[in-house]
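Here TrEMBL flags B:18-244 as domain 'Cytochrome b/b6 N-terminal region profile'. As annotated by TrEMBL, transmembrane segment applies to B:51-70, B:116-135, B:147-165, B:177-198, B:213-236, B:266-286, B:336-357, B:377-396, B:416-437. Per TrEMBL, compositional bias 'Basic and acidic residues' is recorded for B:514-537. Annotation source TrEMBL lists region 'Disordered' at B:514-566.
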Amino acid sequence: MTASNTRPGTTGGADVPGPLHGGPDDDYTPEQLAALPREELDRLGARYDGVEILHVEPGPEPGSALEKRAVRQVGTMFALAGLSAFAFVVVYAGAGWFLPNWEWQLGSSTWSVLYTPLLGLTMALAFTFFGVGLVLYTKKLLPHETAVQDKHDGSHFDRVTTGATLVGGLHNSGLKRRKLITRSLAFMGGGLGLMLLAPLGGLIKNPNRGNPLGTTSWAEGVRLVRDDGTPVRPGDQEPGSLETVFPAVPGGNRQTDAATMLIRLRPSQQADASFRAGQEDFGYGDYVAYSKICTHAGCPVSLYEQETSRILCPCHQSQFDVTQGAKPVFGPATRSLPQLPIAVDDEGFFVARSDYIEAVGPTYWNRERI
Amino acid sequence: MARTATAPGAPKTLAGRAALEVDDRLIVAGPLRRTLNKVFPDHWSFLLGEIALYSFIILLLTGTYLTFFFQASMTEVVYDGSYAPLRGVEMSIAYASTLDISFDVRGGLLIRQIHHWAALLFMASIVCHMLRIFFTGAFRRPRETNWLIGVALLILGIFEGFAGYSMPDDLLSGTGLRIMSAIILSIPVIGTWAHWAVFGGDYVGDLIVGRLYIAHVLIIPAIILGLIAVHLLILVKQKHTQFPGPGRTEHNVVGNRLFPTFAGKATGLLLVVFGVCAGLGGLVQINPLWLWGPYNPAQVSSASQPDWYVMFLDGSTRLFPAWDIYLPGNYNIPALFWPTVVLPGIIFTLLLAYPMLERKLTGDTASHHLLQRPRDVPVRTSLGLMAITFYVVLLLSGANDVIADKFDISLNAMTWIGRIGLIILPPIAYVLTYRICLGLQQHDREVLEHGIETGVIRRLPHGEFIEVHQPLGPVDEHGHGQLAYGGAPVPKKMNQVGGARRAIRGFFSPIEEPRAVELEQRGEERGLAPADPHRELTSSGRPSEGGRPSEGGRPSEGGRPQEPRD
Ligand code: HEM
Ligand code: FES
C-alpha cells in the first residue's frame, strides 16, 4: 500500500484480497487502533497471544533518589565493561609493540607469563560487568510486570481437519489398492537403503589377516635396545632395577605393542621367584623380561615397587608380581603380563629368543585362538 | 509515492517506516509479537538449561577459531616452535599444532583454555539441568520427547568431549585413546572388527586423529545443534512448566514476558557465563599438554584422569573385579567389557526409559505442567538420590589414586571402599532420602494445621507454657488451619509472611527513611492490623522464596495482586 505501481498488467498487490478467515484486522479498524494509547495496544496484542498482564509494578519514580542510584550503578557497570574491553584490546595488540613481547620464553620476564591471564581477566571483566549491568537494569529500572499466558492443548479441530487432508491424499493416491506399486516401492527402498550404506564397507577390514594382534616385532635374535637405541648387556643394571627396552628394529621404540620391561631381580626375589608353567627358562640369570603393555586396557605399566616386587599400572591400579611370573595380584587385570624369552648373543648383548608366545595387551574375544 | 503517510496508524518515524517495509515483505509482525509476548516462569532452576545453551555457543565460537590452526595429522615432525623444552622432539603434527596454538598464536592459549573450560561447564550444566528436570517431574507427559533428546545430548556431549581431548595426541590423551581402543576390542564377537573399522587397523595407526577431528568439528556438533533446535522448538510449543503457586494452574504460565524483562535477564546470564569462561580460560590453567609431552606408547603420566564427565567410567573400570569369562571354543568375554560398555549401556538405557517406566509403574498418564516438589514424590526422589550416590562413588573411584595419595590411604583400601560403597551406599541413600521426604511433608502439614512457630512463649493462667503459633489462614473452632497443601512451599518463618519489616535499602548509608518503608509496607500488607507489636497475622500463607514474597500476583484472590517481585 505504500508502493506505486508503474507496470501495466500487474495489480501491484493492490487488488481485492481474497476472503479472509477473519482475525484482528476485522475486529479493529486502523482508526480504532490509531486511537488507542501505546500501553493499550501492547496489552491488546498480548491478549491475542493469550497473555494477560496481571500487574505492573512501575520502576522507580523518575528523578527519585532510587532511580538516580540505580542509573548510576548500571552506568558504572557498562562503563567498566567498556574499559575492560579496551584494556583487552590494548593488551592483545600492544604486546610486542609498546608493551613487552607476549611470546613465551623459558624462565623469562613475567610479562609473557602474565599475557594470557591478563587477556582472560580483561575479557572476563568486560563480559561480566556488561552482564551484571544488564541484570541490574532489568531488576532496578524496568517495570516489573507479572503476566499469565494460557497454555493450550492440541486443538481437536486441527486434528480432525489435518487427518482428513492426509487420509484424503493417501486415498487419492490409491496406494492401498495398487499393490504392485507398494511392493515395488518397498523393494526399491530396501535396495536404495543398502546402496547408500554400502560405501561404509570401506571402513571394514579383516582383523584376522596376518594376526597383527598376536604378533610384535620381537623375533629370534632381535636385540633389546633402550629408547636411544643402545643395546643392553647383563650387568648394566643394578639388582632390583627395571629398564624399558624395545626391539632393535626401525621405529621399534614407537611401536604400540613392543615395549618390554627388563628387570634384574634381587637375589632374595630370585630365590622365591616362580614362573608360569613352561616359561621357567624364559629369563636369563637374574634377568626377566615382561611386556610393558597392561593386559587390562593396554596402558604402559610403569611403576615398579622394589620392596613388594610389584609393578603397578597407573591407569586402573592393577598390580603384577614379578616374582610370580607377573601375575596380577590386585585390580581389574585378569592375565599375567606376557614374558619375553631372552638370551645373550655372541657379543654379549641381550636378544629375544622368539616373539612373545601369546598376544600382548588387552584381552579380546578370540585372543586364545590365535 | 502515494501519500499514505496520513492514513491512520501509518508510521511516522523512520524506524517505523523501515519496519513497515520489512513486514510488507516478510510478514513477521505477527510471529514476532507472539515471541515477544511469550511468558517465561521466573525460577533460578530454569536457568540451568540456559547455561548449557550458552556454554554450547561458546564452544561453537572458540572451537571454530581453533580449527583455523589445529592440524589433525599424525605425521611425525620435529618440533621447532617457541616452547624450548620440546624443541627437537619428534611428535605428530596434531600435537605440534596444538603447541603452536598455545605458544605461537597470539591469544591462542586463551581461546584453547576457554574452549576446554566451556566444555566442562557445558557438561556440568546439562547434568544439573537434567537433575532439576528429574526431581521436579518436568519430564512427565507431554515432555518425554524433550527428556529423550536431553539424554541424547548428554551422551553426545560425552563423546564430543572425549573426541575433543583425544585429538591433540599428547601423552594424556594418547593414554585415554589406548583405553578406548581396549574397550572397543573387548566387545564380544565383533570387538576386533569394530576396532579395525574405527582405527583402520591395529592400535594406533595413523588415521584416528583425523577421524576424531571430523567427528568433533562436524558430525557430533551438527547432531547436537539439530537436537538443541528441536529441544527448544518443542519447549516453545509446549511452553514451560512451573512450580505450583497462587494463580498458577495446569493451563497457564505465570512469569515475565520475553521482552524486555526475560530477554534482559537471559542476555545478562549469557554474558556472565561468557565472563566466567573467559576468566577461567585466562586465569586457571587447564590441560597444560606441553607438560605431558607427545604420545609415546611406552610412557604414561601418573594420575592420568580423564575429564570429569568420563571419570565415572574410569571409576567403574577400576572397581570391577578381574572376571574374564571363558566360553567353550576358547572364546572369552574380557572383564573390561562389563564396566565400560555394559554398565554405561544400562545406566543410559534406564535414564532414557525413566519417564516411560514411571508412567507404567504409577499409572499416571495425564499431562502435567505443574512441577512437583521433590518431597512430595518420595519414591522418585529417593531413586534419584540412590542413582546420584552410585554415580558419585564411581566418580570418586575414578580419582581414587589421587585420593589415596592425598589422604595417605592405601590404594587397595580405596578400591575396596569403592567396591563395597557402590553396593551398600545407594540403598542407604534411598532409605534416608525417603525418611527425609516424609519428615518434610509432615512438617508442611503441621505448619498448615497449627501455624508457624513464632518463638513467642506465653504462660497460661494455670501456669502452662505454650508457644504461640501463627495460623496461615482461617482456622476452625479448634484453632486448626483449614488450608490444604497445594504443592507449593509453605512459609515456616515469620518474616516469610511479612512478620518482619524488610531491610532498609542502601549499601553504605541508608537511602530511604525507615518510617517511609514502614508506611509503604503497611500499605502493601493490606488487611493486616495496624503496626502494633503484638499483632496477630491472619493473612493467608504466602509462598515464599528465600524469605521474599514470590512473584505471581495471586489473581486467584481476586484482590489487587500483592507486591510481585523477584
Ligand atoms: C545441550 C544440552 C541442553 C541444552 C542446551 C538444553 C537447553 C534447554 C533450555 C534452555 C530449556 C529451557 C529452560 C529450562 O527449563 O531449564 C530446556 C528445557 C528442557 N530440557 Fe533441556 N537442555 C539440554 C539438555 C537436556 C537434558 C540432558 C535433559 C534431560 C535428560 C533435558 C530435558 C529438558 C526438558 C524435559 C525440558 C522442558 C522442561 C521445562 O520446560 O521445564 N535437556 N532445555
Ligand atoms: S590398563 Fe592397566 S589396569 Fe587398566
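Every residue, even glycine, has its Cβ placed from backbone N, Cα and C.
Keep in mind that what you see is a predicted model, and the values were worked out from it rather than measured.
In this chain, the transmembrane segment (B:377-396) does not touch the transmembrane segment (B:266-286); fewer than three CB pairs sit within less than 8 A of each other, excluding pairs fewer than 6 residues apart. Contact check: the transmembrane segment (B:116-135) against the transmembrane segment (B:416-437) gives fewer than three Cβ pairs closer than 8 Å, residues 6 or more apart, which falls short of the contact criterion.
Beyond the transmembrane segment (B:377-396), the same-chain residues lying 6 or more positions past its ends with a Cβ under 8 Å from any Cβ of the stretch are 131, 134-135, 137, 308, 311-313, 315-316, 319, 358, 403, 418, 421-422, 425-434, 437-438, 441.
Among the stretches B:51-70, B:177-198, B:336-357, the one making the largest number of Cβ pairs under 8 Å with the transmembrane segment (B:213-236) is B:51-70.
Highlighted: of the candidate stretches B:147-165, B:177-198, B:416-437, B:177-198 has the greatest count of Cβ pairs under 8 Å to the transmembrane segment (B:336-357). Here the transmembrane segment (B:416-437) has Cβ contacts under 8 Å with residues 315, 318-319, 321, 374-379, 381-390, 393-394, 396-397, 400 of the same chain, all six or more residues outside its ends. Counting residues 6+ beyond its ends, the transmembrane segment (B:147-165) has Cβ neighbours under 8 Å at 115-116, 119, 122-123, 126-127, 129-130, 133, 139, 172-173, 176, 180, 212-213, 215-216, 220-221, 223-224, 227-228, 230-231, 234, 287, 306-307, 309-310, 348, 351-352, 354-355 in the same chain. In the predicted structure, the domain 'Cytochrome b/b6 N-terminal region profile' (B:18-244) carries a mean pLDDT of 96.
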